[in-house]
């Protein structure tokens, strides 16, 4: 069967002989009954529909990246400083105190944390796509508040960024959720990773626009970049209306045929293709189990088998993504590189933004060809080395009083900053969003992803707010803190993260429940859907034993599977 050998022919499928095509896209025409064997033709790796969906919805990431890039530039603009900053001691210029700059940068993260927590329940109630539309309206309100800020009303900028943060935080949850519930399994990791790709594109575009306006002597220096944000938000908020709801959300709300039509388009196959039947059967099984406990209170999310473990893991991974130190460069890059003697730090920011965007394409390839675990461990080691060199050169070699006296040190720091960005953008930047979108069963996904995303934004706030204070006390030795966190990050991935490459969301759910050893997870052989050990079956007592008992029975199943003789069926190939 070639590439389709992973699809399991022995599983029970819906009765396609009594199912009709409702959209006329199948090979038999509209309203015509299907008969005969299932379509086993090769599945296109990428279709026009899945590509457009992945790229367009990722505009939510572009909006976040654009805001991240523009605020870094604003802090260095003379007009922005004179309008919202404080006078220097000699009265000749303006500056931002650590508290004021920390609040301006970090209050967005407080809003994003709250938006991420609110986004899940709202998405469960009104749907994924309509939630995206609604939170775009919130973003527009935040932008209006910021752009209308009067002289010296720096706190209005802070409030506006908090309001905009509500929308950014909700979108940071909804975009990966929508993509994980819609994307074909063979490209799910890459499509979810486009969210991070668009974050990097947003940062780069903001850096370029800041460079073009920073020499203006009026409010256009910062109001023009901020006003351009309206365009990006409008594109996403209006465009999402023309996209379908995610298939899994449609199915759970009684729209089975609509879910099937969406999957057929995204996979680029006929209505009676085996891959569509297989995935619908798995979604149906999960949904029926969810209905049995639909009225449970929200805190039950922590009591399901292995759910507390997975929530803790997701929150830890999102926290560690922030603790890689990437936002140290993105938020304060303009200020950092001024201290290394660079004449125009906006140019350096554009270089970093370009490296960030360009190497994220490498991440889209890495996530589907090298797996999640190996990529994250290698990336953490790469960034660890870069930060050790960056911090050591900055503290021991750079003349921080007169950086012009040590030009080679400044250039070396920029080189290793670029190498660090390369490692982050190709591994920890996109892959963490992919893992967290795969980590939870559909019944708990929205609330569990909300908690993990909130963890990301919580640490985002802490780093953004406290970085000016820490750098003021320990200068570039701050890099050693991030290096230590990267060492811990590699250990967490090695011991706790299961490999999800090429797996369905339902299979990943089962792997965590069965305590599959993360270090052996690539060798795990999935059973047919009727044999999956699910949370609901454990709670109903349909599966005997827990923990070690399940692990033992699973090990026996895998050994039996490995010793099974290969049977050849001329219709469907090897079984």
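Positions of Cβ are set from backbone N, Cα and C atoms, glycine also.
Annotated features, as they stand in TrEMBL:
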| type | residues | note |
| --- | --- | --- |
| REGION | 11-33 | region 'Disordered' |
| COMPBIAS | 15-24 | compositional bias 'Polar residues' |
| TRANSMEM | 46-66 | transmembrane segment |
| DOMAIN | 53-501 | domain 'Major facilitator superfamily (MFS) profile' |
| TRANSMEM | 103-123 | transmembrane segment |
| TRANSMEM | 130-148 | transmembrane segment |
| TRANSMEM | 154-178 | transmembrane segment |
| TRANSMEM | 190-212 | transmembrane segment |
| TRANSMEM | 224-243 | transmembrane segment |
| TRANSMEM | 308-330 | transmembrane segment |
| TRANSMEM | 350-367 | transmembrane segment |
| TRANSMEM | 376-393 | transmembrane segment |
| TRANSMEM | 413-436 | transmembrane segment |
| TRANSMEM | 448-471 | transmembrane segment |
| TRANSMEM | 477-497 | transmembrane segment |
Mind checking which residues of the chain, 6+ beyond the ends of the transmembrane segment (130-148), have their Cβ under 8 Å from one of its Cβ atoms?
57, 60, 63, 111, 115, 119, 122-123, 156-157, 159-168, 170-171, 174-175, 178, 223, 226-227, 229-230, 233-234, 236-238, 240-241
Is it true that the transmembrane segment (448-471) and the transmembrane segment (308-330) have 3 or more Cβ pairs under 8 Å, skipping pairs fewer than 6 apart in sequence?
yes
Have the transmembrane segment (154-178) and the transmembrane segment (350-367) got at least three CB pairs under 8 Å, pairs 6 or more apart in sequence?
no
Would you say the transmembrane segment (413-436) and the transmembrane segment (376-393) are in contact under the rule of three or more C-beta pairs closer than 8 Å, pairs 6 or more apart in sequence?
yes
How about long-range neighbours of the transmembrane segment (477-497): same chain, 6 or more residues beyond its ends, C-beta under 8 Å?
313, 316-317, 320, 323-325, 328, 372-373, 376-377, 380-381, 383-384, 387-388, 390-391, 394-395, 428, 435, 467, 470-471, 518-519
Find the average pLDDT over the domain 'Major facilitator superfamily (MFS) profile' (53-501) in the predicted model and report it.
85
